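S.K.: Take this structure, written in structure tokens, and hold onto it; I'll ask about it next.
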Amino acid sequence: MGGYILAIDQGTTSTRAIVFDGNQKIAGVGQKEFKQHFPKSGWVEHDPEEIWQTVVSTVKEAIEKSGITANDIAAIGITNQRETVVVWDRETGKPIHNAIVWQDRRTAAFCDKLKKKGLEKTFVKKTGLLLDPYFSGTKLNWLLSNVKGAQVRAAKGELCFGTIDTFLIWRLTGGECFCTDATNASRTLLYNIAENAWDDELTEVLRVPKEMLPEVKDCAADFGVTDPSLFGAAIPILGVAGDQQAATIGQACFKPGMLKSTYGTGCFALLNTGKDMVRSKNRLLTTIAYRLDGETTYALEGSIFVAGAAVQWLRDGLKVIKAAPDTGSLAESADPSQEVYLVPAFTGLGAPHWDPDARGAIFGMTRNTGPAEFARAALEAVCYQTRDLLEAMHKDWRRNGNDTVLRVDGGMVASDWTMQRLSDLLDAPVDRPVILETTALGVAWLAGSRAGVWPNQEAFAKSWARDRRFEPHMDEATRKVKLKGWRSAVKRTLIAA
């Protein structure tokens, strides 16, 4: 067995498999997109079987491109889109319904009903999360209530619930391991993050039988071995973390006060708060950053639902660009005298507003507004929303002032224009790492360190390397005008909702 580590990165729009060598360098990559299903307005689903097929095919592709065999892989790490819900038959392994995706808003009315009963404080206290359709618990309640016979079958122990990681572990191990990790469990509205256990009161409120819940393990732990018939070897699965927590690890944000922001379909900023569960007074989430050797490290998180998705909208909806990388150069050519604001509330607004009913809007258009101004507005919207998150975080986390350097990753950060504008609007330095695949790298480190073939935490943190630091160049007067315009646009969007 070699020192190679395989990272499975199961995302919202595609699945990636990445093989890292013993020096933490990428040896081979496989990637495959899958279909998004929109049965009704505000509903988003995935076919779990299609996701499973993309995992198998991308793993095989990555191994082949690496020029190795499955026997050379020391361990597998799995990272995944969080909150997305799958329920399957314990005997056959077949899903009873499409997966309900984290973006799905169908349970908004149910969340409001629970809030009116005064239950949000209970959920916040125990889970660190708000009562929002974003999280798994109300989606699971919907499945049990709307799929014929599901509630009764779940109570009999005939059904399994899991986030995507759990479903993949089950499939990869041939049903031998029914488990998840603490980071994914912490996103379900069912897990008590102080006690590190499924919560009896919350499962009762959401009518979720505990018989269908997986075992919760540390992020670096034994999650079984792959069925040899899949890839030609029984490979141990030794690391699991939700995508944003995996990125936090991949960015080596191990010390309290360190901060990262990932720009994929959405944008997610996490601030390491160490052993302290910092309770936000600014509508941020208190969540588990990682759990290693039985010790939990917590984080503050801000979630934005639309980041890269706004660029996809430019490409697929407005058709003003042919490919996502074109956005930065198009934005750069925009007329500086035009201040156009896009509030991309396509599926509601996330932190710190948490308004599922808000809808997207564009402000400031004139007869001369064109594709370049739309492109700039889409990219700037991501920057403005990041600033909103970081301002809320600094109010909750006052220990080190506001001099934090933001570490960034994800597909959007390859754009120099976007990162410079982010630094300008934050009025803070932004660090882009050499390795942009930080989500996969983070979970690869979990698996590799557990397998004993990758360095310990301290050495791994020292190996983090910066590609470029972006420093703010925008003058204060310009920044104030732009921020005032953004806040006005958001306010009008919320009023319209």
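The count begins at 1 with the first shown residue.
Cβ coordinates come from backbone N, Cα and C, glycine included.
Marked as ADP binding site by Swiss-Prot: Thr12, Arg16, Thr265, Gly308, Gly411. Per Swiss-Prot, the feature ATP binding site maps to Thr12, Thr13, Ser14, Thr265, Gly308, Gln312, Gly411; the stated evidence is sequence analysis. Residues or ranges marked as sn-glycerol 3-phosphate binding site by Swiss-Prot: Thr12, Arg82, Glu83, Tyr134, Asp243. Annotation comment: Swiss-Prot describes Arg82, Glu83, Tyr134, Asp243, Gln244 as glycerol binding site.
Map the listed features onto the structure and describe their local environment.
M.R.: Secondary structure at Gly308 (ADP binding site), as computed by DSSP, is helix. Other Cβ atoms within 10 Å of the Cβ of Gly308 (ADP binding site) number 21 in total over all chains.
All protein chains shown were included, and the count of other CB atoms within 10 Å of the CB of Tyr134 (sn-glycerol 3-phosphate binding site) stands at 29. DSSP assigns Tyr134 (sn-glycerol 3-phosphate binding site) to coil in the three-state reduction, outside any helix or strand.
Under the three-state DSSP scheme, Arg82 (sn-glycerol 3-phosphate binding site) falls in the coil class. The Cβ of Arg82 (sn-glycerol 3-phosphate binding site) has Trp102, Thr163, Thr183, Asn184, Arg187, Gly242, Asp243, Gln244 as same-chain neighbours under 8 Å, each 6 or more residues away in sequence.
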S.K.: Would you mind checking how many other C-beta atoms are within 10 angstroms of the C-beta on Thr13 (ATP binding site)?
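M.R.: Here the count is 15.
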S.K.: With an 8 Å cut-off on Cβ distance to the Thr12, Arg16, Thr265, Gly308, Gly411 Cβ center, who else from the chain surrounds the ADP site?
M.R.: Gly11, Thr13, Ser14, Gly264, Gly410
S.K.: Can you list, in sequence order, the residues of the same chain other than Arg82, Glu83, Tyr134, Asp243, Gln244 whose CB lies within 8 Å of the CB centroid of the glycerol site?
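M.R.: These residues sit around the glycerol site: Gln81, Thr84, Trp102, Arg187, Gly242, Phe268, Ser303.
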S.K.: Which residues does Arg16 (ADP binding site) neighbour through Cβ under 8 Å, counting only same-chain ones at least six apart?
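M.R.: Result: Ile8, Asp9, Val29, Gly30, Gln31, Thr58, Ala440.
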S.K.: I'd like the number of other C-beta atoms within 10 A of the C-beta of Thr12 (ADP binding site), please.
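M.R.: The Cβ of Thr12 (ADP binding site) has 22 Cβ neighbours within 10 Å.
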